Amino acid sequence: MMSFFPLLLVGILFPAVQAKQLTKCALSHELNDLAGYRDITLPEWLCIIFHISGYDTQAIVKNSDHKEYGLFQINDKDFCESSTTVQSRNICDISCDKLLDDDLTDDIMCVKKILDIKGIDYWLAHKPLCSDKLEQWYCEAQ
């Protein structure tokens, strides 16, 4: 029983890495570099991200032929490289795992590439949910 105690102590003191659940206003601050890029406003981004990942940096959605990763749900078929997709185009030249961390710098760089190639319609939530009536997506700090 004594040999189990140190393991238990380590488990308590160093919990597993958990998803960073951001708030709307915290995320608004993190997305300053993206605001206005390709004429997409910050409230539009906050709305899109809420609907696709719930502001969860470690969100992964499994589809029939690919997975989508992180806040922006970037797919491993075209934009990032994962161990589960055999032939990713990896346009963003990034591991999908990097899209699950709390550093959004590389995520935003990839998002800009996606916008340049596919436009905002890459995010299916935009048109039906986030293209107008965006009052609720403004943060008081904006």
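Keep in mind that glycine also has a Cβ here, set from the backbone N, Cα and C atoms.
Disulfide pairing as given by Swiss-Prot: among Cys80, Cys130, Cys139, Cys96 connects to Cys80. The record in Swiss-Prot lists a disulphide bond between Cys130 and one of Cys47, Cys92, namely Cys47. On the backbone, the CA of Cys47 (disulfide bond) and the CA of Cys139 (disulfide bond) stand 11 Å apart.
Here the binding-site residues are Asp106, Asp107, and the one whose Cβ sees the fewest other Cβ atoms within 10 Å is Asp106.
Note on the disulfide-bonded residues Cys25, Cys47, Cys96, Cys110, Cys130: the fewest other CB atoms within 10 A surround the CB of Cys25. Between the C-alpha atoms of Cys139 (disulfide bond) and Asp106 (Ca(2+) binding site), the distance comes to 24 Å. Within 10 Å of Cys110 (disulfide bond), counting CA to CA, the recorded positions Cys25, Cys80, Cys96, Lys98, Asp101, Cys130 contribute Cys80.
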